[in-house]
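> Right, I'll just put the structure down here and ask away after.
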Amino acid sequence: MLTILGFSMVTVFTILIMTKKVSPIVALTITPIVFALIGGFGKGIGDMILEGIQTVASSAALLLFAILFFGILIDAGLFDPLIEKILSIVKGDPVKIAIGSAVLAMLIALDGDGTTTYMITVSAMLPLYKRIGMNPMVMATLAMLSLSIVSGMTPWGGPATRAISVLGLDPSDFFVPLLPTMLGGIACVIFLAFLMGRKERNRIGIVQLEPRHITKDSSQSYMAATLESEQLKRPRLIYLNLFLVISIMVFIVLGTKHPSVLFLIGFVLALTINYPNVKMQKERIAEHSGNAITVVLLVFSAGVFAGILSGTKMVDAIAGSLISIIPSSMGGFFPVIVALTSIPFTFVLSNDAYYFGMVPIFAEAASAYGIEPVEIARASIMGQPVHLMSPLVASTVLLVSMLKMDLGSFQRFAVKWAVITSLVITLLAIITGAITIL
């Protein structure tokens, strides 16, 4: 009975998300409540919801302050000199332009938002692509792959946040062992950028451009994309801001304090240092709070879903049925199986449907083989390079529309590179021990 009820709940939730009948926040909250009532768990729903919310509270705090932290630093222009330097270095060489596109996208992807990453990358680099005749699909693919690595693996990025919150994990436990894989993934994307750029160089050669022509259109487009006035920029504070970012990241890796506490401190310091005026502080907080609150609400809704799924024991029943069909000899490979199946699953499912609907079931099934939930969480993000090609991803639709290209053509161009990246980071995760084979 519980197995049927659990599968039905996950199916209904997935359909609601896929058909966009309701928002993810509504689906995550209403669906489990309705099915809990059907199963006769009405009296315990309140306690289950509260327990689920308590489980994800630290993840919600992490997201809130990380988004605000990076938002303030982007406003202050911390990354502007690097963007301008990239534009001046790449000149008319397709290889340098491709690598510069990847580096820029990785930098912007630190804020965890695909829309911001694509808007700034495309606006800064597209004029160069057009001027020398490079294929803009190269830029689109590299921006997508860069986003999948940086935003996909950092604990404040969308996929990792969902996995961490739904399984009630500590962000540091998730991220620190994954850091070598992330760095390897970054190196992989840069190497792929070199290959794509070399192919374009063989096609069109190196185009000689005057320096003043290189950055003119790009700088104007970049400024239009950021939509920030000069009064927000703090060029004199750039080294202090850079020191602040590096310090926060070092402390996160060392695990001295919970990341949510570190990002809270970092956000408050960044806000105070760059915008000591109270009025400007309120304006900056208001500017970024919309995106932050939306994500936090999503996390708390995930807590409701996970709390009821766990409290009613539906997840145990579903996991039991999965365990029964997996040969015991394959149990030790479960994290690898999750990593490989995440490639097709996350393409046909939205992140909400996959992480909130399927990952908890995988984690519970894996526990029967002595595999920790955190390994399943890490394994589940290996398919993100392919996921970001999906038409279900709003930022991908934005990307192809900005470049005035057809989504199908983009998918055909990018699929090879995306699959390669997913397989490479999966292999790196196995080698470095982020996911294990028992």
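Glycine too: its Cβ is placed from the backbone N, Cα and C atoms.
Keep in mind that this is a model prediction, so the values were computed, not measured.
Not my notes, these are from Swiss-Prot:
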type: TRANSMEM; residues: 22-42; note: transmembrane segment
type: TRANSMEM; residues: 59-79; note: transmembrane segment
type: TRANSMEM; residues: 89-109; note: transmembrane segment
type: TRANSMEM; residues: 137-157; note: transmembrane segment
type: TRANSMEM; residues: 174-194; note: transmembrane segment
type: TRANSMEM; residues: 237-257; note: transmembrane segment
type: TRANSMEM; residues: 258-278; note: transmembrane segment
type: TRANSMEM; residues: 292-312; note: transmembrane segment
type: TRANSMEM; residues: 330-350; note: transmembrane segment
type: TRANSMEM; residues: 356-376; note: transmembrane segment
type: TRANSMEM; residues: 380-400; note: transmembrane segment
type: TRANSMEM; residues: 418-438; note: transmembrane segment
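Each of these features: where is it, how hidden is it, and who are its neighbours?
Same-chain neighbours of the transmembrane segment (59-79): 107-108, 110-113, 116, 155-156, 161, 164-165, 169, 171, 226, 228, 232-235, 237-238, 241-242, 244-245, 248, 258-260, 263-264, 266-267, 270-271, 274-275, 284-285, 287-289, 291-293, 295-296, 299-300, counting only residues six or more beyond its ends whose CB sits under 8 Å from a CB of the stretch.
When Cβ-Cβ distances below 8 Å are used as the criterion, the transmembrane segment (89-109) is approached by residues 74, 79, 82-83, 116-117, 120-121, 124-125, 128-129, 131-132, 134, 138-139, 142-143, 145-147, 149-151, 157, 186, 189-190, 192-194, 196-198, 200-201, 204, 206-209, 211, 214 of the same chain, each at least six residues removed from its ends.
Within the same chain, residues 59, 62-63, 66-67, 98, 101-102, 105-106, 109-110, 112-114, 117-118, 121-122, 125-126, 129, 164, 171-172, 174-175, 178, 181-182, 185-186, 188-189, 192-193, 196-197, 200, 259, 263, 381, 384-385, 387-389, 395-396, 399-400, 403, 405, 409-410, 413-414, 417-418, 421, 425 sit at least 6 positions outside the transmembrane segment (137-157) and bring their C-beta atoms closer than 8 Å to a C-beta of that stretch.
With a cut-off of 8 Å between Cβ atoms, the residues of this chain six or more beyond the transmembrane segment (174-194) that come close are 95, 98-99, 101-103, 106, 142, 145-146, 149-150, 153-155, 160, 163-164, 252-253, 255, 259, 374, 377-378, 417, 420-421, 424-425, 428-429, 432-434.
Under 8 Å from some Cβ of the transmembrane segment (237-257) lie the Cβ atoms of residues 69, 73, 76-78, 81, 172, 175-176, 179, 263, 265-266, 269-270, 273-274, all in the same chain and six or more residues away from its ends.
Long-range contacts of the transmembrane segment (380-400) within its own chain (CB-CB distance under 8 A, at least 6 residues past either end) are made by residues 18, 113-115, 117-119, 122, 140, 143-145, 147-149, 152-153, 159-160, 163, 338-351, 354-355, 359, 362, 406-407, 410-411, 414-415, 417-419, 421-422, 425-426, 429.
Within the same chain, residues 141, 144-145, 148-149, 177-178, 180-181, 184-185, 188-189, 192, 331-333, 335-336, 339-340, 343, 369-371, 375, 378-379, 382-386, 388-389 sit at least 6 positions outside the transmembrane segment (418-438) and bring their C-beta atoms closer than 8 Å to a C-beta of that stretch.
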> Mind checking which residues of the chain, 6+ beyond the ends of the transmembrane segment (292-312), have their Cβ under 8 Å from one of its Cβ atoms?
2, 5-6, 9, 13, 24-25, 28-29, 31-33, 35-36, 39, 41, 44-45, 47-57, 59-60, 63-64, 67-68, 71, 158, 161-162, 165-168, 352, 355-356, 360
> In the same chain, who gets a Cβ under 8 Å from the transmembrane segment (330-350) while lying at least 6 residues past its ends?
14, 17-18, 24, 357-358, 362, 365-366, 368-369, 371, 375-376, 378-384, 386-387, 389-390, 392-393, 419, 422, 426, 429-430, 435-438
